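Asks: So TrEMBL lists these for the protein:
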type     : residues : note
ACT_SITE : Asp415   : active site, proton acceptor
ACT_SITE : Tyr496   : active site, schiff-base intermediate with substrate
DOMAIN   : 82-138   : domain 'Copper amine oxidase N2-terminal'
DOMAIN   : 259-310  : domain 'DUF1965'
DOMAIN   : 342-741  : domain 'Copper amine oxidase catalytic'
MOD_RES  : Tyr496   : 2',4',5'-topaquinone
SIGNAL   : 1-18     : signal peptide
Amino acid sequence: MLWKHFTAALSLASLASAYLNPRQARSEYKNRFLYKRYPELLEKREVACGASTPGDAVPSKINIWADLSDDEAQVVYDLLKDTFNLTASVNATMYDNYVTWIETLRPNKTDAIAYLDNDGPVPERWARATVFLGTDEYVSDEFPDGYWQELQVGPLNTNGSTPEISELEYIYTKSKVSFAKGYKDDLKWAAAEEIYAAEILSDTMLPVLVDLVGEDIKTYGEENSTVECWATDPFQIDDDGTVTDWATIFLNYHDAGDVTPTGVFLQIVMTGRNVEDYYISQWVYNNIVYNSSDEFREAWESDDFVKLPKIDTTNLNTTETFVYIGQQGTTRELDEKLAPIAIEPEGRRWKYSESERYFTWMDWEFYVAWNRDNGLALYDVKFKGERIAFEIGLQEAIAEYSGDDPFQAHTTYFDRSYGFGNEAFGLVPGFDCPYNAEFFNVTWHSNGDNNYHNNSYCAFEFSEDYPFVRHTASEYITVSKNPTFNLRSITTIGNYDYNFLYKFFLDGTFEVSVRAAGYIQGAYYNPETGDPFGYKINEVLSGSFHDHVINFKADFDIAGTANRLAKVELEAVNHTYPWAPDKVFSTKQKRRSVIANETYLNWADAGAILLIESAEQNNTWGNPRAYRAVFPGGDARRIAQNTHTIINNAHWAEKDMAITVQKDTEFTSSHVFCSQDLEDPIINFDNFVDGESIDGEDLVYWFNLALHHLPNTQDIPNTIYSTAQSSIIFTPFNYFDTEQSRDTLQQMYYTYEDATWDFNGVSVSPECLFGIEPLNFDAVNYDGMQISKDTTNIPST
């Protein structure tokens, strides 16, 4: 146990009273404030601070959005296995039937509200399952290579009765997706890797590539391999059904191939399921297309073949290289000291229920749910007993690239297909989250296995670096502290580490933010054609310009479910007052209007103030109770439209936000299959925005947080969180009759005349020892765990 002591005292000199106007008084008293420190009080204390851990939070309702238990998942898996003759995923081929995911089919809002608000029955537990059906009985003219199937299984836990299996269609445009346009799963990746390995190590291509990439290639696909192929998303599918994919070769040192491109690109044909029919159809080098490996080899052997510059690999495998992300350089003065940390001298000030994942803090309360696709989601979010939102959660994130080569030009990642929940590896205590954070483990069910990660998200209270409220007047000074409650998860998808944060304030305000760090997806810098798409930022490295657009769902219930969307314009006007009828004043006024129908909006269209209002309740002063959506900075959104990689699979990304009527059938804006099924996706968000009236309806606010990323040397070796970020704030706007932080005890009030400090009974200068628990790095788990070929009942620990 480490101990630290701290005591301090402040004194304010008495002030002579004088008659001044308020502004003069403030200035005068500021000049005459005299704060003193007493070093003699900074002596070691022998008494420990009375830190305590609060009891568990006790929700009035169970978490109806919780993931399936291991027993529930086992029941579902066994039933699917018997019904579809599933092959264990570890043994499956593209000609078998196998399961990919089993998770909770979260209850419809209609059923949830009946339970939460009206003492209705607990909603039935159902599972959503995704399977691939590839055996002969599922092959047809429509699906010659089998198909992916979305299923619902339930109800579960019904006194021993067998759950039913049926197609899951009511929340999708279809429940079946063809083999080619479905999930790009491990079998497809492995098949492509076989082709890459065979071609790269072939007698025809090996000497060519050794020469052009500057690396003595001895192996491919093994731990000691120094080159790797990256394939892009999505597949390109021609009208005749030909399936192709572009890839590029990177060098691979320090697991940082993202920033060591070679300028060699290749196209693979992956039509159908017979891997023997897959082949490399094209190579591109220096913007020249070669239609076979033999053609590329022949050109390379010619005297007029132009070779591009190569990365100097001399130090690439050392800690001195530009790709190394560990500590380098001369140590800064005093940097050997531990940086400031967050402590809780009297113990944690928030509660949770581990079994229900229910959290409470300073009149906030909500449930947390987790799944493989989306990671963290919040449900039944209440402040001071009133529901503000039924659901808030991530839906999808796209990264759409540009570039002068076929790899970058064909790249649009839909990161939900890789999974935000299953890629949320262990958060590092004291680094990803403050010293005082609590960490939470998660489970999910995929490929017939139970999986879990430790430390996938954290919760912590934190004191912001600015007061929440303050004022200096002629008779007093008052300042309120600004503690916040935070939930954080970090998901690493390939090269990027997405940092998601939900932050709650004392007055009913909350913020949703995302930050991105990690390696950029580097491009080869060709001096002839590369400059319009990115800067040269190392020897042969360019940072391809790209957009990140991250979509969230916020199902608000502002003073009930009858809501509307209003905007308030702040306009310059010429105005004549009745007390000066002969004079025209240039001034400004507000102009409120109601948005009548479902629509897409950019922030520029939303007016100066965008409000989600109650259509039925006003505050005492006659104003509609509302929450305001505040976009605090930046103006990023998807730039290119009507591209060949996004057609009907991400209409939500066309503008900054969309507002729709809540429907149980419009459950989510995206799906794993949207990554590859561009024209007729399983979810077409445009169907959600069909012009219905939104005045007085239960509304869903779909919003995007976006980044325009034009990489520069500040991104080498890694992009940094401080600048690669976007956020939105939702804050009460006439929702209450007054601002709601006045009941906090975390404030001071000093009166000059009496020279008295009022800290509301809170000990602001504890003269005691602070106990700091050692950080538990052993709880960090980076590999996750897969237990057996079938699911088991071994829980997360």
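Glycine too: its Cβ is placed from the backbone N, Cα and C atoms.
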Asks: Whole-number Å only: compute the distance from the Cα of the residue listed as 'active site, schiff-base intermediate with substrate' to the Cα of the residue listed as 'active site, proton acceptor'.
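Replies: Cα to Cα, the residue listed as 'active site, schiff-base intermediate with substrate' and the residue listed as 'active site, proton acceptor' are separated by 10 Å.
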Asks: Could you tally the C-beta atoms, other than its own, that fall within 10 angstroms of the C-beta of the residue listed as 'active site, proton acceptor'?
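Replies: The answer is 24 other Cβ atoms.
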Asks: Helix, strand or coil for Asp415 (active site, proton acceptor)? Use DSSP.
Replies: helix
Asks: Within the domain 'Copper amine oxidase N2-terminal' (82-138), what mean pLDDT does the predicted structure show?
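Replies: Mean pLDDT for the domain 'Copper amine oxidase N2-terminal' (82-138): 97.
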Asks: Give me the count of other Cβ atoms within 10 A of the Cβ belonging to the residue listed as 'active site, schiff-base intermediate with substrate'.
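Replies: Result for the residue listed as 'active site, schiff-base intermediate with substrate': 23 neighbouring Cβ atoms inside 10 Å.
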Asks: Go ahead and report the DSSP secondary structure tallies for the domain 'DUF1965' (259-310): helix first, then strand, then coil.
Replies: 13 helix, 19 strand, 20 coil
Asks: Using DSSP, tally how many residues of the domain 'Copper amine oxidase N2-terminal' (82-138) sit in helix, strand and coil.
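Replies: Helix, strand and coil residues of the domain 'Copper amine oxidase N2-terminal' (82-138) number 19 helix, 17 strand, 21 coil.
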Asks: Where does the residue listed as 'active site, schiff-base intermediate with substrate' sit by DSSP, helix, strand or coil?
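Replies: It is in a strand.
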